[in-house]
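Here the structure is laid out as structure tokens; the discussion comes afterwards.
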């Protein structure tokens, strides 16, 4: 690795994780030597369903309506990404394009050119390496070509947030790429949205917990995790062993997934989940509001993002009056029964145990780790309309930042 590559990588690491003061902090636990990344460590107890034998109506009835996680097979059979999304080809085609791999203390995106990131990925011994998690690739002239390499699966094309407008809607799609030991800490996706995560290369380890699981049971404390508190590998080192003990409550035992190349995980809204990369992985993930989960998403959006909800409703009234009619019937005083990873939705089932004071973070099914880390370092300001100024994953900052 040449001097320039080392310099760019060092700059990105310093900006994204300022709490790690020197290089030894990144390898303090020596997880690259000690942590078990083998497939045998995963129980893999979530149902799989072949999309070639599953109609959209069956998917809704069997999985989406009952909020049941599932691993879908053969979603990616026709995707060009299966051939195009390799380290070698991505490094060659996008070598000088910058991808987001973190956020600094002020919520600005930390970005790295693909050529430097691949060098980092192939050589790192970091306990929890930097992880490309880029939500703006679809808005960039060159990076948007990634959109041509995959199709939104048939079951997830009911994208109701499109009616909020592209500029105002929360970030919803991410290109995701990282080495072994990278990942995202335990979280619930924002605003009651559900998500799908399609893995093209590598293997991911998932743990999922039902929405009513007490957060204090599954969150790593500062005393336990130190400055690696929010990292996925810390969670698997600290919390996971407890879930396997006889004293762990049966109703809160995790679902586990060993996600393989070509498999797509469906994460229903409200489910806690944590994801660890077992080797180099490349994936795409999207969050969505559908006709099925709309009542809960609407409830949480009105409570957590009032300005967004007003604009969304105006357009729904014009374009989808059937959905606006559903919104009219939602009782905003009733609990949704679906937890939030923040206290903004005061009527949610998790509000009594929540310790966060910010509104719901706009991150994807794998993406809350960076957002939570930033929350602890700064407090977003409130605008007069009740929305948090750090809304939309600091989308306007991210798009204008060249860091």
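These residue numbers are counts, starting from 1, taken along the chain as shown.
Any Cβ shown, glycine's included, is placed from N, Cα and C.
According to Swiss-Prot, the Fe cation binding site annotation covers 187, 189, 273, on the basis of sequence analysis. Per Swiss-Prot, compositional bias 'Basic residues' is recorded for 1-11. Annotation comment: Swiss-Prot describes 141-305 as domain 'JmjC'. Positions annotated as motif 'Nuclear localization signal 1' by Swiss-Prot, on the basis of similarity to another entry: 6-10. Annotation comment: Swiss-Prot describes 91-95 as motif 'Nuclear localization signal 2'. Annotation source Swiss-Prot lists motif 'Nuclear localization signal 3' at 141-145. Annotation comment: Swiss-Prot describes 167-170 as motif 'Nuclear localization signal 4', evidence class similarity to another entry. According to Swiss-Prot, the feature motif 'Nuclear localization signal 5' maps to 373-378.
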Other C-beta atoms that fall within 10 angstroms of the C-beta of residue 273 (Fe cation binding site): 25
Largest tally of Cβ atoms lying within 10 Å of a Cβ, found at which of the binding-site residues 187, 189: 189
Per DSSP, three-state class assigned to residue 187 (Fe cation binding site): strand
Integer average pLDDT (0 to 100) for the motif 'Nuclear localization signal 4' (167-170): 90
